[in-house]
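Just below is one structure, and these are the notes that go with it.
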Amino acid sequence: MSNPVADAARKHPPPEGHVYTYGTAGFRTKADVLDSVLTRVGLIAALRSRKLGGRYVGVMITASHNPPQDNGVKLVEPMGDMLEESWEAISTEMANQTSPEAVSEYYQCVAEEQKIDLSKPANVIVARDTRASGARLLGCLVDGLKAAGAEYRDFGFLTTPQLHYMVRCFNTADTPDAYGVPTEAGYYEKFSAAFKKAMGSNKPNGGLTVDCANGVGGPKLNELIKYLHVTETGLEISVVNDNVVKPEALNVDCGADYVKTNQRAPPTSKTGPGDRCCSLDGDADRVVYYFKDDQNVFRLLDGDRIATLVASFFGDLVRTSGLADQIKIGVVQTAYANGAATDYVEKNLRLPVTCTPTGVKYLHHAAQKLDIGVYFEANGHGTAIFSHSTLNAIKNYKPKSPSEAENLEILRACIDLINQAVGDALSDFLLVEVVLAHKRWGPQEWLATYTDLPNRLLKVLVSDRTIFKTTDAERKLTSPEGVQGQIDKEVQKFRQGRSFARASGTEDAVRVYAEAATKAEAEDLARKVAEIVKAAGGK
Ligand SMILES: CC(=O)N[C@H]1[C@@H](OP(=O)(O)O)O[C@H](CO)[C@@H](O)[C@@H]1O
Ligand SMILES: [Mg+2]
């Protein structure tokens with residue numbers, strides 16, 4: 001009897017002894033050990049779509065900010081959210097089946113357990129970033145999708161947020177919540193139109209340089225620029241590091257991760273003091289801003305800064321459009337948020353802050369509980385989302401004055417400008433440009449809102465990171481025993497000291513974060529905590 005699922009699995013056997021995990025960002029590792037995973041993800045995507053009554057699910061082939069030789073794959077839920085947690089475990093188990101027969105059996109077993117009718121339609125939307133291995137991995141994925149009898153649409157190269165956008169558009173088409181036209185042009189039209197409206201009569205103060213990490217964001221931004229019409233908006237964008245012909249240049253000495261980690265501009269940067277710059281990551285779902293100050297010193301405006309800027313702007317807009325008593329704003333951060341940013345939100349903006357574990361899905365879920373939830377990871381991953389009732393309140397509100405009407409229009413345009421499916425570097429930087437233009441701020445005024453506490457992030461290689469277990473949104477270790485006590489003891493010795501250690505979800509390492517009153521103290525504290533971690537389980 002023919003068994004297409006087993007046949008597809010046979011065509012792409014896994015390398016011996018490799019164990020895969022669906023982590024914070026899907027499966028992500030060296031591209032040359034991923035063929036079998038992609039085929040199995042094809043099977044899972046078909047199962048997931050069938051489980052959801054044939055709604056479209058997405059598959060994105062990318063390894064974001066990782067080096068060029070890596071790749072990865074993640075699944076996207078119908079509204080553009082990250083994959084549901086119980087299906088992460090199912091995906092992990094599928095990826096680790098070794099024989100073709102075992103793959104086929106597990107496929108049947110999931111169908112049975114989840115009460116999935118395998119004869120029903122499955123719909124999957126696929127895209128990839130510009131990595132050299134992408135085309136081959138797409139082939140492996142398609143073999144899985146075909147074996148499972150799924151209908152699929154391949155969008156070729158897209159940024160990760162564009163893929164999320166497509167998925168949400170397909171699933172909301174012909175409903176009152178229709179998100180947009182599910183084409184690339186539809187994406188550019190929606191966001192550029194919203195940008196123009198949100199800018200109103202305001203003009204940006206000088207141009208913006210965007211570093212695209214030599215990734216998929218480059219060609220997509222060049223496309224978006226055609227829709228933004230500089231003569232209308234005044235926003236002059238210089239695109240740099242947009243070379244996708246050389247995939248080996250991806251994320252190398254450029255991009256959001258380079259800038260955030262090294263706290264410096266890409267070495268190729270040629271901008272002058274006060275010039276606004278931002279960097280995207282390899283799949284354009286992260287963005288950080290920066291500039292050189294009068295003394296030629298590099299100044300970073302990271303995800304925490306974007307969150308505070310956006311939250312304060314929405315706070316103003318909600319108040320000036322007359323909606324303050326109906327809509328409450330909150331900010332969601334992780335433990336990596338700078339203590340000064342948390343303080344600023346609570347004390348100056350007077351908004352509540354929620355802290356969640358690392359990974360966008362946790363922030364997103366926490367933000368969903370708020371009327372307007374602004375969430376950003378310090379590394380620039382994030383967005384703002386509006387609850388259903390908030391959207392209705394904003395839609396139905398009858399302004400009581402011309403000024404309320406004007407501000408309400410801006411607020412409405414901002415809703416369209418934000419990719420609510422997921423954090424989107426292109427839409428995020430357009431939003432930042434809107435806020436800066438409205439506030440008539442340059443990067444210096446933005447930076448002056450608060451002063452970051454000096455901080456240091458270190459990576460400790462350990463032989464088994466799974467022994468490092470945490471609680472309290474990853475701020476405290478519960479295992480190995482006694483380690484947290486040692487960390488607490490160190491922290492106490494430092495002025496304004498704060499430090500925590502947690503196992504990375506994307507790399508085989510434990511990350512140590514520390515902040516303190518001075519740079520030297522932050523470095524010292526980080527080093528001390530790293531030593532404690534090393535002693536507890538280092539390689
Ligand atoms: C400290 C840090 O930046 N961690 C990153 C990193 O997760 P880790 O679990 O720390 O490896 O990759 C995630 C996926 O891109 C991102 O969401 C997260 O913010
Ligand atoms: Mg990314």
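Indices start at 1 and increase along the chain as displayed.
Cβ atoms here come from the backbone N, Cα and C positions, even for glycine.
Caution: TrEMBL annotation is automatic and unverified by curators.
Taken verbatim from TrEMBL:
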- S64: active site, phosphoserine intermediate (ACT_SITE)
- S64, D281, D283, D285: Mg(2+) binding site (BINDING)
- E377, A378, N379, R502, A503, S504, G505, T506, R511: substrate binding site (BINDING)
- 98-172: domain 'Alpha-D-phosphohexomutase alpha/beta/alpha' (DOMAIN)
- 180-288: domain 'Phosphoacetylglucosamine mutase AMG1' (DOMAIN)
- 302-441: domain 'Phosphoacetylglucosamine mutase AMG1' (DOMAIN)
- 475-531: domain 'Alpha-D-phosphohexomutase C-terminal' (DOMAIN)
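The binding-site residues in question are D281, D283, D285, E377, and the one with the fewest Cβ neighbours inside 10 Å is E377. With Cβ pairs under 8 Å as the measure, the domain 'Phosphoacetylglucosamine mutase AMG1' (302-441) is packed most heavily against 180-288, out of 98-172, 180-288, 475-531. Close contacts with ligand 2, defined as a Cβ under 6 Å from any of its atoms, occur at S64, D281, D283, D285 among the recorded positions S64, D281, D283, D285, N379, R511. Residues in the domain 'Phosphoacetylglucosamine mutase AMG1' (302-441) partition by DSSP class (helix H, G, I; strand E, B; coil) as 76 helix, 21 strand, 43 coil. Considering other CB atoms within 10 Å as the measure, the emptiest surroundings among the recorded positions S64, N379 are those of N379. Of all the recorded positions listed here (S64, N379, A503, G505, R511), S64 has the Cα closest to the Cα of D281 (Mg(2+) binding site).
For ligand 1, the nearby binding-site residues are E377, N379, G505; that is, of D285, E377, N379, G505, these have a C-beta under 6 Å from one of its atoms. Counting residue by residue with DSSP, the domain 'Alpha-D-phosphohexomutase alpha/beta/alpha' (98-172) contains 41 helix, 13 strand, 21 coil. Between the CA atoms of E377 (substrate binding site) and D285 (Mg(2+) binding site) there is a gap of 11 Å, rounded to the nearest whole number. Within 10 Å of the Cα of D283 (Mg(2+) binding site), the following recorded positions from the list S64, A503, R511 place their own Cα: S64. The Cβ of G505 (substrate binding site) lies under 8 Å from the Cβ of G23, T24, A25, T358, G359, each of which sits 6+ residues away along the same chain. Across the residues of the domain 'Alpha-D-phosphohexomutase alpha/beta/alpha' (98-172), the predicted structure has a mean pLDDT of 98.
One way to see the shell of the Mg(2+) site is to take the Cβ centroid of S64, D281, D283, D285; the remaining same-chain residues with a Cβ within 8 Å of it are T62, H65, D129, T159, T160, G215, A256, L280, G282, A284, R286, A425. Per-class residue totals from DSSP over the domain 'Alpha-D-phosphohexomutase C-terminal' (475-531), listed helix then strand then coil: 23 helix, 17 strand, 17 coil.
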